[in-house]
């Protein structure tokens, strides 16, 4: 069974993330979207909220699960008996960082592969940071995030 892991902070999940999730789920038997618990970051959405948003976004998908993790990614990949890490790339700048991470992961776990997926051209400019900045200032985020969670993102800034 081919098990892939797609890690990220997903703060919040964007249509770019969803594009990678949908495409990756078509080439594996089981895709785990792994939401990183990173103590050094100050996320807008709690880990529970990010997991909940992702579950809404992939509702109805039969081979996708959402989990959170902390610590080393390769340890989580081994724990899930997965064999591939999926990383989405938007630009050359993403590649430089992700290549270093892939090589480090390969050093730590030689049997785990990293598969780079290019973002669809429609989302090559998109990041969670950009969505948050737009939402913070009342900009239009429709088309940038899954429609089913758009209101929750907008409402988050109304509470701040």
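Even glycines carry a Cβ here, placed using N, Cα and C.
The ATP binding site annotation in Swiss-Prot covers 9, 10, 17, 88, 89, 90, 98, 123, 124, 125, 126, 127, 128, 129. The substrate binding site annotation in Swiss-Prot covers 9, 41, 73, 87. Annotation comment: Swiss-Prot describes 17 as site 'Transition state stabilizer'.
Everything Swiss-Prot records as a feature, shown here on the structure.
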{"residue": "9", "record": "ATP binding site", "CB count, 10 Å": "17"}
{"residue": "17", "record": "ATP binding site", "CB count, 10 Å": "24"}
{"residue": "41", "record": "substrate binding site", "CB count, 10 Å": "10"}
{"residue": "73", "record": "substrate binding site", "CB count, 10 Å": "20"}
{"residue": "87", "record": "substrate binding site", "CB count, 10 Å": "22"}
{"residue": "89", "record": "ATP binding site", "CB count, 10 Å": "17"}
{"residue": "98", "record": "ATP binding site", "CB count, 10 Å": "16"}
{"residue": "124", "record": "ATP binding site", "CB count, 10 Å": "13"}
{"residue": "126", "record": "ATP binding site", "CB count, 10 Å": "20"}
{"residue": "128", "record": "ATP binding site", "CB count, 10 Å": "22"}
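Under the three-state DSSP scheme, residue 126 (ATP binding site) falls in the coil class.
When the alpha carbons of residue 87 (substrate binding site) and residue 128 (ATP binding site) are compared, the span between them is 15 angstrom.
Following the DSSP three-state reduction, the secondary structure of residue 73 (substrate binding site) is helix. In this structure, residue 89 (ATP binding site) is part of a beta strand by DSSP.
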